[in-house]
Amino acid sequence: MRERCRMKTGLASFSMGAVLRATRALAARARLLAVYLSFSAGASVVGLLTTLFMIRHVEPEQFGRLAITLGALMIANAAIGFGADNLVAINKAKLDAQGYASFRRAYSHFALTTFVVGQFVAVPVWLFGQVDGLVLLVPLMALLKFFVSMASIEYVMDQRALAYGLVQLLTAMAASVVTVALVLWVSPKAESRIVALMLADAALLVVRYGVKPTVVASWRFDREAFGRIARFGAPLMLSVGPAYLINEVDKVVVAQRLDLASAGIYGAACTIAGFMLTFITALLNTSVPKLMASLKEGRESPTRITTHYVIRFCGLSIVFAALFLAAYTLAAGHLLPARYTAAIPIVYVLVAMMQWRSAYAVIGTVTDYYGMTTEKLIGFMLAAAIALGSNLLLIPRFGLLGAAFGTGLAYMALAAWLMLALARRPLVPHTV
């Protein structure tokens, strides 16, 4: 009898201990998410207020130029790092300090090389093509973003949420202050916002790495390291075109089938709805270290782990979307001037369709961890075809609402394809 009582007491103690450990772990993750979300939300609020300021002081045509230039920046960002920026997180999780330092040095030198090539390409494109002069600034913007992104990923993998949050918030605040100053006192054009973003990124890099550009002074052509990075990134580089179509074809088709003013209104709606991406990014930053640790341990199948994270991730994303749209419903009529009121209903569709982007964020992270770049290329091509076809079909019939819906369909197809590929392939973790 006494032995049985002791066994019951032991089981009760074990159960209570397990509950306490789980509670503490959950509380720690909640605090981490709160830090990421609070700083990222602060940065997004600053960006949103800057957007509203520009809406009141900048013509829709200039907003359209800005939206198209930032879309081109997405391509340049991928080109500078050869589409392999996820290697920063993967190698940070799997390599020792010395191995990661060697990788970071080689990857930085690789980015400098692609920047020089990109700048040489941008000049003749501007001289002989019918493109905006802002294209000349895109390679330098992409190089700055490359180093800012690398620093941010390192903070995330080290779970230095406070440092990451400060980087996000202070950069957004600096860009906002410079934007307001340039728009009011220099020129109310797209160039003012572009220059402000570049100056803010440059200031952050000076604070983090110092004035002396050691990465430039130490540059060397490491054929072996460059080759490994290129082999990993080659399928992802081929994905740049499809990725651009997925994210930007809606704006381009709106500008062509409707007009540049409509593109500006749609760009404003995308910027407002982009606040939803703040939560997605914050939640992903909280989840990635734990997700990669679970994949590395291998206690469950990758498909099971991915499904578990997708369900939790999307559930939290939907809750945040509902709260955001409730607040937006109350505030939209007061924040947007008359010439931008057409953007109000577009935001609802954009936020709703972003939930497929939440699913892709998790699944894409897992496929990158296993080096499934070819499968990702196929998925991007499929999704790009859906994005292009749906936008060409829906925009003439439904206007800006059709554009918002078409992009969501593309992300739905991309997430479904990668999940299917993940379930069918034998997996080996990938490092460079």
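FYI, residue positions are counted from 1 along the chain as it appears here.
Using the three backbone atoms N, Cα and C, a Cβ is placed for every residue, glycine included.
Small disclaimer: the values here were computed from a predicted structure and weren't measured.
Taken from TrEMBL, the feature transmembrane segment covers 37-55 (among others). Proximity of distant same-chain residues to the transmembrane segment (37-55), defined by a Cβ-Cβ separation under 8 Å and at least 6 residues beyond the stretch ends, is recorded for 63, 161-162, 164-166, 168-169, 171-173, 175-176, 179-180, 183, 193, 268, 271-272, 274-275, 278-279, 281-283, 335-337, 340.
The transmembrane segment annotation in TrEMBL covers 67-90 (among others). Proximity of distant same-chain residues to the transmembrane segment (67-90), defined by a Cβ-Cβ separation under 8 Å and at least 6 residues beyond the stretch ends, is recorded for 103-104, 107, 110-111, 114-115, 118, 132, 134-135, 138-139, 141-143, 145-146, 149-150, 153-154, 156-157, 190, 194, 229-230, 232-237, 239-241, 243-244, 247-248, 251-252, 255, 263-264, 266-267, 270, 288, 292, 365, 368-369, 429-432.
Summarising the annotation, TrEMBL assigns transmembrane segment to 110-128 (among others). Only residues 6 or more beyond the boundaries of the transmembrane segment (110-128), in the same chain, are considered here, and those with a CB under 8 A from a CB of the stretch are 76, 79-82, 135-136, 138-140, 142-143, 146-147, 215-216, 219, 221, 225-226, 229.
Residues annotated as transmembrane segment in TrEMBL: 135-156 (among others). Remote same-chain partners of the transmembrane segment (135-156), defined as residues 6 or more beyond its termini with a Cβ less than 8 Å from a stretch Cβ, comprise 69, 72-73, 76-77, 79-81, 85, 88-89, 92, 104, 107-108, 111-112, 115, 118-119, 122-123, 125-126, 163-164, 167-168, 171, 194-195, 197-198, 201-202, 204-205, 208-209, 285, 288-289.
Listed as Cβ neighbours of the transmembrane segment (162-187) (distance under 8 Å, sequence separation of 6 or more from its ends, same chain) are residues 35-36, 38-40, 42-44, 46-47, 49-50, 53-54, 57-58, 148, 151-152, 155-156, 193, 195-197, 199-201, 203-204, 208, 285. As annotated by TrEMBL, transmembrane segment applies to 162-187 (among others).
The feature transmembrane segment is assigned by TrEMBL to 194-211 (among others).
Annotation comment: TrEMBL describes 265-288 (among others) as transmembrane segment. Away from its own ends, the transmembrane segment (265-288) comes close to residues 29, 32-33, 36-37, 40-41, 43-45, 47-48, 51, 55, 60, 63-64, 66-67, 89, 156-157, 161, 164, 250-251, 254, 309, 313, 316-317, 320-321, 324, 328, 336, 340, 342-344, 346-347, 350-351, 354, 357-358, 361-362, 365, 400, 403-404 of its chain (Cβ-Cβ under 8 Å, at least six residues beyond either end).
What TrEMBL lists as transmembrane segment is 309-331 (among others). Taking Cβ pairs closer than 8 Å, the transmembrane segment (309-331) reaches residues 272, 275-276, 279-280, 283-284, 287, 291, 347-348, 351-352, 354-355, 358-359, 361-363, 419 in its own chain, all 6 or more past its ends.
Beyond the transmembrane segment (337-356), the same-chain residues lying 6 or more positions past its ends with a Cβ under 8 Å from any Cβ of the stretch are 55-56, 60, 265-266, 268-270, 272-273, 276-277, 280, 314, 317-318, 321, 324-325, 328, 400-401, 403-405, 407-409, 411-412, 414-415. The transmembrane segment annotation in TrEMBL covers 337-356 (among others).
According to TrEMBL, the feature transmembrane segment maps to 377-395 (among others). Sequence-distant neighbours of the transmembrane segment (377-395) (same chain, 6+ residues past either end, Cβ-Cβ under 8 Å): 235-236, 238-239, 241-243, 245-246, 249-250, 253-254, 257-258, 401-403, 405-407, 409-411, 413-414, 417-418, 421.
Using a Cβ-Cβ cut-off under 8 Å and counting only residues 6 or more beyond its ends in the same chain, the transmembrane segment (401-423) has close neighbours at 246-247, 249-251, 253-254, 266, 269, 302-303, 306, 310, 345-346, 349-350, 352-354, 356-357, 359-360, 363-364, 366-367, 370, 372, 375-376, 378-380, 382-384, 386-387, 390-391, 393-395. The annotation transmembrane segment is assigned in TrEMBL to 401-423 (among others).
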